[in-house]
Amino acid sequence: MPSETITREQAVTMLDIQDLSVVIHRPGRQVAALSNVSFSVAPGEVVGLVGESGGGKSMVARAIVGMLPSGSHATGRVGFDGADVLRMDAADLARHRGSGAAICFQNPRGALSPTRTVGRQLIDRLVTHQDMKGDRAAETAKELFAAVGIRNPARRLEAYPHELSGGMAQRVMISLATGCAPGLLIADEPTTGLDVTLTREILRQFRHAADTDGRGVLLISHDLASIAEVCDRVVVLYAGTVVESGPAAKVLREPAHPYTRALLRSVPDVGGGRVVATAGGMPLMTAAPHDCPFAPRCAHATDDCRSTRPETTMLDGDWSLACFHPQETPLAEAIAADLTTAATEPGDVVLKIEDAHVVYRSRFGSGGHHALRGVSLELRAGETLGVVGESGCGKSTLAKLIMGLVEPSEGSVEVAGKGVRKQSRAERTRAQMVFQDPIGSLSPRRTVGDSIAEPLRAAKVPAKERAQRVEAALGRMELDPSILTRLPHELSGGQAQRIGIARALVGRPDLIVFDEPTSALDVTVQAQILDVIADVASDAGHGSVFISHDLATVRGFADRVVVLYLGRVVEEGPVDEVFDRPKHPYTRALLGSAPRLGETRTADVQLVKDLDEADAATGCALAARCPFVTDTCRSQEQTLQPYGETRAACWRVPELTALIEKS
Amino acid sequence: MAAIEMAPVVSSNRDGRFAKVLIYVGSGILVVAALAALLAPLLTRWGPTEIDPSGTLAAPGGEHLLGTDGNGMDVWSRVLHAARLDLGIAVLAVALAVVVGTLLGLLAGYLGGWVDDVLMRIVDIFQAFPTFILALAVSALLGGGFFNLVVTIAAVNAPAYARLVRAEVRTLREMQYIDAAKTSGASTIGIMWRHLLPNSLTPVRVIAPLNCGWAMLTLAGLSFLGLGVTVPTAEWGSMISLGTSDVVAGRWWTSVPPGLALLVCVLGFSLLGEGLQERADAKRR
């Protein structure tokens, strides 16, 4: 290690974790949550802590703020500005949590008190921790809100948490955390559940906190791609051990540890690269490992890996690694993906939606939420249609509409040539759905076998044939028949989603709707499930609708794509055409904010406001957020117009390229 | 290397061990009570309504383990035989209340609309009266006797189950697995029976044993006021009622033993219910 690195670290390191191990004792079991973890964070630095759930990321965060769960046994040192957090008494800890390290929790709405306005909660903090007087605190609160990009802060201070959107609530959390001027800001999965445009916005806030206020930031995430851009350094955790750490550019572009590589390969890329799944799951450690915990899943593992735990070695600079077999081939070459997907002949029309509107009437009064406004679609057997858009754009409503779970207030929906609301019970099983929450979509007190067989029961298939077909579907999901007698809570997320797909397949439907099927799963599991879905979606027998806010996964296997915005189709066309040559400014903005690994991206269109602030009564729905808006846009709505193979609904498509170049 | 220990897990009831103790003790008491009721003829040589011509109001000891009451009937025998009636009515009444209440709750919660409105207004009418006053009214209407008492006590308890299950169903029906069942072509009855019913019963399982205790008290209360069983029949409430005047004269044995029996049984139900509640909480963590 070069000597200057040592002096730099000794001089300015704020957080310095040395050899931290945490074992949690619970009656009847013991979990080694962390084993010999060491890393540091300096002021002004953004460090990403990545890995799958169960890897110990949150435990590190808890150790830093001195909130280890009851029954834990910690060894090592959590140095913070020279003091050891593990040895602080209650008074020191309280001070440390207020001004030393502050956490932004994963679920911002849950972390805000629901009965008090967010302004009140922020001001209270300022008064207690910063000894501010009421007026000054209110003034500072306004400034803090403005600093995290909340427009109209004075009004938002009066809002209750339930009145805020997810992104807005996360901003409030950040302002609460930064309000006490902490040295270190810890964000535990700050962007889970947010869509691409918001994720980007929120992450930028953390970068901003590090750059302008000189705070250290520890970003905890399972989503490598999204944090890649803002991090200076990255620490990769696996089963409670640090397997690789170093400068973000190095670790994310030329990862040396097979686990880091597996993580990166699991992430779909919006550029069209295919994911490569790594089999298996993370082990639950009961004691500090004496071998390499990743060995059972690793393609390069040798006997050494299975008998000795690799030491952490320095590669160069502060890039360190715990592996006997560092990999050197650049990742991009190693996964030179074969993009040759056999084109299937389109079959019969399986889904036909004509000018469908859905209005959710509010229970009281006359108002209502217009979730879909005139959507028309057609899908043939063998085809896969991707549906993308921000949250709140009507994606889920579209899924429900197709499944007959909501009724169109205008227009019509036909599945396999039959109007959705006129179906018999057996006909209703012609369209099947794979849900977002894999465990929540299985009835908790019904066995797996029972759940899979449900569509067959509705179609009055005799019991004997039912059992055979359930087993066949299970085989296709590569699951053992012994799983049939289990209950949903005994399944892992990945297993549960395979069961969900098996249930969708078992009745040989004409149409399968995948509603964000992987967003609740860990990255490597996500890759495994995407593999399965890609296989299922390529069947010629049925059409597939794949709904996701993650553009990259859609690109992976859709033939055509539809971009939804506030209940309208703003662009549709062949997937490569739409992704490579987007026509609509909204599509351009979406694609621009999608994370790309190892690239600094340039969004050529930046939307000017958040979705929940844009309400358009007349004219183009995007008018309030579009940088290229004209008077025509504000007064008149454009319909879908053909441009080559795609269709887009925007007045300014012909001039758009020129406009973007100018700006 | 210095090791830092965090405080051990706070209290033992967090891991469900406490719950187990409660459940064992509660059901232990109830099993003993049930055995005593079933084996009553073997535990005493007097019949419950058999009059000993040799003496009334005899003190405990000798011929009569717990003495005799004002009619010369053996108190020990009566206490044992009364358990059959008290436990039987309480358990059957609660079972009936659970069945009826759950059914109404399921229908109201899942179907909603006018079905919900009509059923819940009926429930409201029942719940508008204090439980015991309602029980008094119903039993005055129906009269005493085993079957009528079961119906009376079930009627005053069923509305609570209807509300409980309805509330549960209203949250459950928004769950993804209900959507999943719908898209799998399940019928409305299928969804209610196969998916909503098994998942909405958790709170019912916890409340029902507690409710058995209350039911026994209601029954004893009715009998105390003379609205329950007719006089020579052995029943704790009526025994207490008959014995109250004796207490003043220092003859405690006619009313204290049935009172204690009632207390112990209610305690058994309470402990069992409490234990089930604790276990449900421990599972949720």
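Cβ coordinates are placed from backbone N, Cα and C, and glycine is handled just like the others.
Since this is a predicted model, take the numbers as computed values, not measurements.
Annotated in TrEMBL:
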type	residues	note
TRANSMEM	B:21-43	transmembrane segment
DOMAIN	B:83-273	domain 'ABC transmembrane type-1'
TRANSMEM	B:87-111	transmembrane segment
TRANSMEM	B:118-140	transmembrane segment
TRANSMEM	B:146-165	transmembrane segment
TRANSMEM	B:214-232	transmembrane segment
TRANSMEM	B:252-276	transmembrane segment
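Where the transmembrane segment (B:21-43) meets the stretches B:118-140, B:146-165, B:252-276, the count of C-beta pairs under 8 angstroms peaks at B:252-276. Listed stretches B:87-111, B:118-140, B:252-276 were compared with the transmembrane segment (B:146-165); the greatest number of C-beta pairs under 8 angstroms is found for B:87-111.
Away from its own ends, the transmembrane segment (B:87-111) comes close to residues 33-34, 37, 119-120, 123, 146, 149-155, 157-170, 173, 188, 191-192, 196-197, 200-201, 204, 208, 211-213, 215-216, 219, 265 of its chain (Cβ-Cβ under 8 Å, at least six residues beyond either end). Non-local neighbours of the transmembrane segment (B:118-140) in the same chain are 104, 107-108, 148-149, 151-153, 155-156, 158-160, 162-163, 166, 218, 221-222, 225, 227-228; each lies 6+ residues outside the stretch with a CB under 8 Å from one of its CB atoms.
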